[in-house]
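Q: If you scroll down you'll find the structure; I have some questions about it.
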Amino acid sequence: MSQVSGFLEGERDYGNLKGDTGPLVYPAGFLYIYSALQHVTRGQVYPAQILFGLLYIVNLAIVLSIYVKTSVVPWWALSLLALSKRVHSIFVLRLFNDCFATTFLHAALFFLLKQKWHLGLIIFSAAVSVKMNVLLYAPALLILMLQAMDVFGVISALAGAALVQILLGLPFLLTHPVAYLSKAFNLGRVFIHFWSVNFKFVPEPTFISREFAVALLVAHLGLLTVFAHYRWCRHEGGLPSLLRLKIAELSSFSMTRFYCTSSTTKLLRTEYIATTMFVGNFIGIVCARSLHYQFYSWYFYSLPYLLWKTPFPTLLRLTLFVVVELCWNVYPSNVYSSLLLLVVHLVVLGGLWTASPGNPYADDPNSRLTTKKKQP
């Protein structure tokens, strides 16, 4: 609330927007949401907790609909989604903006499962406007778009997402664009070692070093590339084959064709869409330099799904789920809890690697195509 007070008083320079916790580092969507909360609750905590309790229920309903639609997790295991003490704290006690970003992300995924790519991208962009962590899903989402749509559909969907960012950031882009872009989308932030839940066992000088950050970035990009080539794009013959196909389509791009012809859309399996999105985000979680306590909401709701996508026995899945929850409830985190969390993350990632990727397409992509007319 202290960070949005300057915005409500008319300040449009992101460099001057600060609060008790430091400078404002979130995009414009955050400002609008918390300004509305300021107006509705008059800055009081209890009314805000009621609203966040409702948000928690809405988010849970969306997640349950995703789980039911994919049919990966047995019905009894759906109860795991409501059993996290830490997530309850994040939503109803701490009132973090991660809650809104997570809810928007799940809403976007819900429409992606319905093959509503343009609408899904718009809601995804709205989630990014609240907090940048949503971009961890972006590489996997791009792969899905390239598989589901031709290059013209991908361009139009990305244009819609970009338009959302421009419109939301317009008051700041028109006045102090450099300050807005550098503060709201700062990818080089160094987090405080004390609050790290995952790499607390790393000495602080190493933790804040550029070398450690670069090593994690290389690992992140490497894992994404390996999963994309050998798992997500396996049906197309690998990532280079998919990219070559899209480059060939792009070489024949013309604005006349873009506006006047239909766009070819391939139906992807709902399970494949959810799996690719959740795994792509989880890779980012594993390689994140610092996970603060509120960051648990970034992947908790995908955790049961990911565990049931592994070939592990049910008892091991439940054990891993409980261990992750326990690690996130150790305060402050220590060498042992953070190391244990990393080990469990790697075990789950290894299980996901051994899982069969399957056919991503609901229909044979070579013979049965669903063609939709492109909207002008």
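These residue numbers are counts, starting from 1, taken along the chain as shown.
Cβ atoms are placed via backbone N, Cα and C, with glycine included.
Annotated transmembrane segment per TrEMBL: 50-83, 95-113, 119-144, 151-174, 211-230, 272-292, 312-331, 338-356, in sequence order.
Any idea what these are sitting next to in the structure?
A: Counting same-chain residues at least six beyond the ends of the transmembrane segment (95-113), those with a Cβ under 8 angstroms from any Cβ of the stretch are 26, 30, 33-34, 45, 48-49, 52, 55-56, 58-59, 62-63, 65-66, 69-70, 119-121, 123-124, 126-128, 130-131, 133-134, 137, 141, 144, 270, 273-274, 277, 294-295, 297-298, 301.
Cβ atoms under 8 Å from those of the transmembrane segment (272-292) belong to residues 66, 70, 72, 109, 112-113, 136-137, 139-141, 143-144, 191-193, 195-199, 207, 212-213, 216-217, 219-220, 223-224, 227, 231-232, 298-299, 302, 305-306, 309, 342, 345-346, 348-349, 352, 358-360 of the same chain, restricted to positions at least 6 beyond its ends.
Remote same-chain partners of the transmembrane segment (312-331), defined as residues 6 or more beyond its termini with a Cβ less than 8 Å from a stretch Cβ, comprise 80, 83-86, 197, 293, 296, 303-304, 337-338, 340-341, 344, 347-348, 351.
A Cβ distance under 8 Å defines the sequence-distant neighbours of the transmembrane segment (338-356), meaning residues of its chain 6+ beyond its ends; these are 196-201, 223, 227, 231, 279, 282-283, 285-286, 306-307, 309-312, 320, 323-324, 327-328.
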Q: If we skip the immediate neighbours and take only residues 6+ beyond the ends of the transmembrane segment (211-230), which ones have a Cβ under 8 Å from one of its Cβ atoms?
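A: Here the qualifying positions are 139-140, 143, 190, 202, 238-240, 279-280, 283-284, 286-289, 349, 353, 357.
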